[in-house]
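Pulled from Swiss-Prot, these are the features on record:
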ACT_SITE  99  active site, acyl-thioester intermediate
ACT_SITE  392  active site, proton acceptor
ACT_SITE  422  active site, proton acceptor
């Protein structure tokens, strides 16, 4: 094992995560229908600052992300600063790393803390699958640009006369990889076939996810980290995630047909994460700054790793690649972890990554490592359920996982936790967090 790389500032401070909060996550076109991601981001950051009693001018930087970009607000981070009463002098910029976007936001703020350019910052992400950038055809787009440059009415009419009815149809956002044309579900089907994952195994994991998430809510474990949200017309509050099946039964999953490979597939809407709206954020500080303000951190960022692999085959193996690297940088092994939280984009993807982590052959032949990362202990794995149950607002999931894991570590008396996710483009992310 190579030498661990401690995440500390120039003054020797650890990177503290002092607060974390999220909105409830809502299925597409339900409670947050019509609420753009920027407003969800303002909602969660404003509430988090109000709850924390941290003066607004203490926050020197805000790094935020969204995956489904809205052209009218390309820098969501700056709009959140301007819309939440924070100091106008707060530095703010936006990031995007597909489903690992808020992992990237956290890493960026941590790097600013380590460089000494700031002492406190906010990281997070928001996405709306209900407010989408509906585009136009390439032909219509080109015609509109040319018409804007035309000098006479006759020139404009001539340009528009070339359009056909099909050119006027709206173009929804692409759901496939730009480079391959494959949908995420197609990749999940690939992985199920590559790793011999059955429909029964996928349905069982999805059922477990919903059961554990429902239990977590029932026992009140999530109430401190999820705000009550109101959406227009502001009559009914949303207090909990509305995707969780509180009375999940395994038989219900077996009724659904495959969603991607209709004839031979095993990936269904029930064993996949749904399109979701929501936002999540965390406040990071140097350890000494937290002490100055009298704040007790939720925990500390011990290490992180980002990886990238080919997109043509099994591209959602990011956790299997990034986890050993994050563990190595933290000076830990899988056995040292108290909790493991893996993003459940699809049950097939999750199960494939678990197989790879335990595989000696994968370690040797693919990763070039002498031994497997290790077999994941189910009693440590996604103990409060995962994204299949909670939902997945793309840019918000990482911040949800970090906050949720730190709270659960504290309930268990401390320890180390792994949070890890796959992402579009063959990307992977993993972070080791620590609570005392």
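Placed from the backbone N, Cα and C atoms, the Cβ positions cover glycine too.
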Rounded inter-Cα distance in Å - residue 422 (active site, proton acceptor), residue 99 (active site, acyl-thioester intermediate): 7
Lowest local Cβ density (other Cβ within 10 Å) among active-site residues: 99, 422: 99
Rounded to the nearest Å - Cα separation of residue 99 (active site, acyl-thioester intermediate) and residue 392 (active site, proton acceptor): 8
Surrounding CB atoms that lie within 10 Å of the CB of residue 392 (active site, proton acceptor), all protein chains: 26
